[in-house]
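J.: Per TrEMBL, active site, schiff-base intermediate with substrate is recorded for Lys194, Lys247. Annotation comment: TrEMBL describes Cys119, Cys121, Cys129 as Zn(2+) binding site. Marked as Mg(2+) binding site by TrEMBL: Glu232. The 5-aminolevulinate 2 binding site annotation in TrEMBL covers Ser273, Tyr312.
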Amino acid sequence: MERFVRHRRLRRNGTIRRMVRETVLQTDDLILPLFVAEGEGIKREVPSMPGVYQLSLDHLAEELHEIKQLGIPSVMFFGIPAHKDDVGSEAYREDGIVQQAIRLAKETEPELYVMADTCLCEYTDHGHCGVIRDHDVDNDESLKLLVKTAVSQAKAGADMIAPSNMMDGFVAAIREGLDEAGFEHIPILSYAVKYASAFYGPFRDAADSAPQFGDRKTYQMDPANAREALREARSDVEQGADLLMVKPALNYMDIIRQVRDAFDLPIVAYNVSGEYAMVKAAALNGWIDEQQVVLELLTGLKRAGADMMLTYHAKDVAKWL
Ligand code: PBG
């Protein structure tokens, strides 16, 4: 009698491996972040994110059509306004750049599910996610502007609001604002667990949103903390979040798993810009097999407990699957 288990029996060929596979990545799991820039004729590759472009509205319809054809269900818009000010006015202007992008998307590809990132950092001249008082972001004053932003995005036709600002009480405030404006049917994807991460570096190039003084550590979370992630998530669930985000993704798979186990809402993992940049840099050097690495990485996020992944790799993945 054998004294050990022959695990390899279930790995003998591709068919049985497929049959016992526990996690299967699908195009339906993907959300593609898009940077829309105010202006004309802009199709500017982000230097630290090869394959990712800032697009002006005149290039957007074509891009959205391709995304739809690839079967990617959803996009999330980030805006790059022509003008910034200290209160981020362009974030909540009726025809701000994201509001226009949302309208265009719903006109040209109505089935594409449009998410709007709700934050001020791309719109403030100081680069912080809210308004400044005494050299720090004022929580409750910022909430008012974030509510205005979310409502203007919903008015433009956004299917889902995704607040990423990390102010306390943002889910409750935005929920109330949306409900009062008649958008009680619009869900909130809360960036509930968002760490103060160096992996956002390339995004800040892409969105021109690096803080001009200080850092985001008074509102984004300390990467050393896990229990705090559960407190953040619990608050947002209590305030009415419909989905929870964990961000970044790769260094935080333990957090994805813990949030998955503690709550029954859908979980979204944000495979952020710096994670993308590392893979791209290695792939461009011929040091890794990009396709295998990306599929392994996203499958890992799903195995850790994510239902959906926001990823700049979405178009490539849709082609590979
Ligand atoms: C806005 C926001 C950021 C990202 C998404 N929303 C930047 C930040 O918090 O500095 C980062 C996404 C990425 O790195 O891909 N607050």
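Each residue, glycine too, has its Cβ placed from N, Cα and C.
Map the listed features onto the structure and describe their local environment.
T.: All protein chains included, Lys194 (active site, schiff-base intermediate with substrate) registers 26 other Cβ atoms within 10 Å of its own Cβ.
Secondary structure at Lys247 (active site, schiff-base intermediate with substrate), as computed by DSSP, is strand.
The Cβ of Cys121 (Zn(2+) binding site) lies under 8 Å from the Cβ of Gly88, Gly127, His128, Cys129, Asn165, Ala207, Ser209, Pro211, each of these being in the same chain and 6 or more residues away along the sequence.
Secondary structure at Glu232 (Mg(2+) binding site), taken from DSSP and collapsed to helix, strand or coil, is helix. Summarising the environment of Glu232 (Mg(2+) binding site), the number of other Cβ atoms within 10 Å of its Cβ, over all protein chains shown, is 22.
Taking Cβ-Cβ distances under 8 Å and a sequence gap of 6 or more within the same chain, the neighbours of Ser273 (5-aminolevulinate 2 binding site) are Ser48, Met49, Phe199, Tyr200, Gly201, Pro202, Phe203, Ala206, Tyr312.
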J.: List the Cα distance (Å, whole number) between Glu232 (Mg(2+) binding site) and Lys194 (active site, schiff-base intermediate with substrate).
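T.: Distance between the two Cα atoms comes out at 9 Å.
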J.: DSSP on Lys194 (active site, schiff-base intermediate with substrate), three-state: which is it?
T.: strand
J.: Listed recorded positions are Cys119, Cys121, Cys129, Lys194, Lys247, Ser273; which sit with C-beta under 6 angstroms of ligand 1?
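T.: Checked recorded positions vs ligand 1; flagged Cys119, Cys121, Cys129, Ser273.
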J.: Distance check, please: Cα of Lys247 (active site, schiff-base intermediate with substrate) against Cα of Lys194 (active site, schiff-base intermediate with substrate), rounded to an integer number of angstrom.
T.: 5
J.: Restricting to the chain of Cys119 (Zn(2+) binding site) and a gap of 6 or more, list residues whose Cβ falls under 8 Å of its Cβ, or answer none.
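T.: Counting only residues 6 or more apart in sequence, the Cβ neighbours of Cys119 (Zn(2+) binding site) under 8 Å are Ala91, Cys129, Leu146, Thr149, Pro163, Ser164, Asn165.
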J.: Specify the count of other C-beta atoms within 10 Å of the C-beta of Tyr312 (5-aminolevulinate 2 binding site).
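T.: Taking every protein chain into account, the count is 25.
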